[in-house]
Amino acid sequence: MAAPEAWRARSCWFCEVAAATTMEATSREAAPAKSSASGPNAPPALFELCGRAVSAHMGVLESGVWALPGPILQSILPLLNIYYLERIEETALKKGLSTQAIWRRLWDELMKTRPSSLESVTCWRAKFMEAFFSHVLRGTIDVSSDRRLCDQRFSPLLHSSRHVRQLTICNMLQGATELVAEPNRRVLETLASSLHTLKFRHLLFSDVAAQQSLRQLLHQLIHHGAVSQVSLYSWPVPESALFILILTMSAGFWQPGPGGPPCRLCGEASRGRAPSRDEGSLLLGSRRPRRDAAERCAAALMASRRKSEAKQMPRAAPAARVTRRSTQESLTAGGTDLKRELHPPATSHEAPGTKRSPSAPAATSSASSSTSSYKRAPASSAPQPKPLKRFKRAAGKKGARTRQGPGAESEDLYDFVFIVAGEKEDGEEMEIGEVACGALDGSDPSCLGLPALEASQRFRSISTLELFTVPLSTEAALTLCRLLSSWVSLESLTLSFNGLGSNIFRLLDSLRALSGQAGCRLRALHLSDLFSPLPILELTRAIVRALPLLRVLSIRVDHPSQRDNPGVPGNAGPPSHIIGDEEIPENCLEQLEMGFPRGAQPAPLLCSVLKASGSLQQLSLDSATFASPQDFGLVLQTLKEYNLALKRLSFHDMNLADCQSEVLFLLQNLTLQEITFSFCRLFEKRPAQFLPEMVAAMKGNSTLKGLRLPGNRLGNAGLLALADVFSEDSSSSLCQLDISSNCIKPDGLLEFAKRLERWGRGAFGHLRLFQNWLDQDAVTAREAIRRLRATCHVVSDSWDSSQAFADYVSTM
């Protein structure tokens with residue numbers, strides 16, 4: 001005991017000395033007038049002065065501070081800057097101290113934003129450090145403006161990087177260049193191991209240097225890192241080259257930029273293990289031709305971008321219309337030099353001492369001999385997609401320009417990212433910059449000297465891809481579809497409001513091809529759009545047929561189907577193999593969510609999907625309309641007979657006022673555990689007769705655990721009727737009840753609470769009361785909630801009921 005006592009004495013002596021020194025310095029600067037110790041201008045307390053002195057000299061005293069007793073350390077923690085506060089976290093936990101309140105206060109004072117009410121923050125330290133990293137990277141915070149953020153001994157980016165799980169890149173790729181710079185090499189290495197999600201928001205057009213930095217960043221974070229999810233948000237006018245770069249890198253393809261330093265990690269990996277030819281063919285899809293059209297198209301873009309970046313000048317939009325024959329002749333004339341440009345020596349992008357893998361020469365030779373193989377390939381060896389619409393020249397480029405010289409072909413190649421397939425004769429004109437999915441005459445485009453992606457290196461790829469409000473042009477949609485066909489590592493795909501149009505058929509074909517790949521992991525698909533060329537139920541049937549191993553399917557179409565005009569070339573309607581009438585095979589769906597447009601839906605089509613989904617556990621129908629209550633009853637009967645594993649059923653924004661017998665049928669189902677009727681107008685007709693029948697059905701159901709009734713105009717009378725579900729003679733095991741937005745007043749809620757107390761059923765779980773009229777009598781509402789909290793967990797809000805005036809008038 002002598003040692004701890006001695007240390008405690010020394011620590012107290014140190015505190016007194018530091019405090020005395022600080023007070024002496026303070027007294028010299030202070031006014032000579034004395035102030036009361038309790039006044040507003042009183043000097044800081046002794047312990048606070050001591051803490052300030054200690055925090056100012058943490059570089060020397062850090063180890064000693066860590067050894068301080070818990071009570072002393074607890075007073076010093078709020079005075080530390082963020083770097084030492086982060087470093088002392090483990091020691092504080094061992095002493096039974098928590099820093100969460102300090103980090104929360106730092107968030108409120110420095111970040112000055114309020115987290116979303118839907119967000120549950122489990123660690124304020126990690127949240128603060130992640131946000132701090134992003135602000136420093138973008139230059140939106142000045143670390144010198146606050147002593148808690150400034151310390152010359154620490155790098156803000158490096159110190160906070162290990163807490164970053166999600167990184168957002170915005171606008172003109174701000175931050176990408178800084179992260180790949182040599183001074184931040186350790187920062188990038190730390191991010192590669194900590195970062196899981198990479199997001200792009202509101203991207204704008206960027207220069208060549210920024211895109212080259214992005215290429216290196218994606219290579220490090222995805223190919224050599226732990227990033228498993230890439231999400232793109234709100235990109236109204238996507239830049240095709242940048243979008244396809246992000247896609248191809250996310251899919252695992254890599255071609256280093258010209259003149260860039262060799263990748264050290266690539267060199268280490270190649271020395272450790274060389275990929276086999278079998279592995280490469282598996283990743284690229286062994287069931288498809290070795291030179292898949294999409295891979296060739298994406299490789300064309302990547303190769304041409306490398307050529308453009310080597311010249312460090314922006315792409316010039318073509319202004320000449322050339323014939324197919326002149327295009328082929330010009331490209332063939334410069335084929336030898338072009339191949340040399342597109343295939344730089346290995347030393348330009350491999351680490352010194354790296355041995356070439358056995359598969360590398362084969363891949364290179366296959367690409368370099370593409371011209372001769374094209375001549376031998378039959379015209380039917382590649383699929384023949386329909387011609388796609390042309391794109392206009394870039395603004396500001398007028399007149400025709402004849403390109404000559406050995407470098408002219410490569411400038412044209414930038415715009416020949418995709419070559420229109422299926423044109424008739426050599427004399428037809430095509431505009432450079434036109435996009436398509438095949439080669440000339442639908443054959444191999446290697447006659448243009450473009451390498452297949454087999455010549456690119458293949459690395460790890462992401463497992464989750466999300467595109468929110470990113471309109472997909474034809475070439476972008478085509479590239480996505482063809483990459484998807486071999487993206488076996490992809491587990492979840494979200495396409496939300498991308499304007500796919502008729503490209504949905506290509507998407508279905510690519511998903512079908514992906515499903516046939518060995519090792520396909522796609523288990524979740526979320527698809528939503530304003531319009532669809534297929535009715536939503538036909539689209540659902542097609543997806544389920546294409547992906548029988550899918551577990552989660554969420555599909556939503558906001559407006560009725562508008563089939564494309566058959567008179568327009570390329571829009572001749574859906575292929576027969578997509579909308580076939582054959583029976584849907586058994587699938588593995590466990591969760592199905594459907595959002596319907598206006599108009600009655602054919603119940604037999606929905607029933608056919610449900611019959612094939614015997615493993616379905618959760619079904620959600622949003623805005624579904626049926627021709628008659630009998631059709632709705634047919635759907636419910638199908639659920640009872642074929643979906644025995646169904647546990648959760650949800651209906652939202654559906655008029656079920658005339659389907660009361662069907663609702664009672666559901667409440668008597670002894671397999672369902674949770675039912676949701678959200679804004680379904682349940683009690684609009686015959687409430688006096690229907691409510692007792694509904695309560696009786698629920699009292700006899702012992703398996704139902706949750707009932708959600710938001711937005712059904714339940715009112716006080718309906719709430720008091722529901723209270724009978726918890727009476728002594730009830731066998732109900734209901735433990736979650738949602739009665740939000742139901743015109744409930746404080747007096748009705750108080751009577752409901754008293755009935756629960758009288759029956760003494762004990763705590764039954766959660767009660768949600770959002771957006772009810774509880775502000776009309778705040779005292780009564782507080783008393784009701786106090787009583788309810790003795791019975792259940794109550795979740796409510798302070799809502800202005802005057803917003804519900806229209807709803808009130810409708811119930812008068």
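Heads up, the Cβ atoms here are built off N, Cα and C, so glycines get one too.
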Under Swiss-Prot, which of the candidate ranges 45-54, 245-254 is annotated region 'Interaction with Elongin BC complex'?
45-54
Applying a 10 Å Cβ distance cut-off over all chains shown, what neighbour count does SER155 (phosphoserine) have?
16
Can you tell me the mean pLDDT for the repeat 'LRR 5' (636-659)?
95
Intrachain neighbours beyond the repeat 'LRR 6' (701-728), with Cβ under 8 angstroms and 6 or more residues off its ends
650, 667-684, 687, 691-692, 695, 734-745, 747-749, 751-752, 755-756, 759, 761, 764, 768, 770, 807, 810-811
Are there residues at least 6 beyond the ends of the repeat 'LRR 7' (731-752) whose Cβ is under 8 Å from a Cβ of it, and what are they?
674, 676, 679, 698-720, 722-723, 725, 764-774, 776-778, 780-781, 783-785, 787-788, 804, 807-808, 811
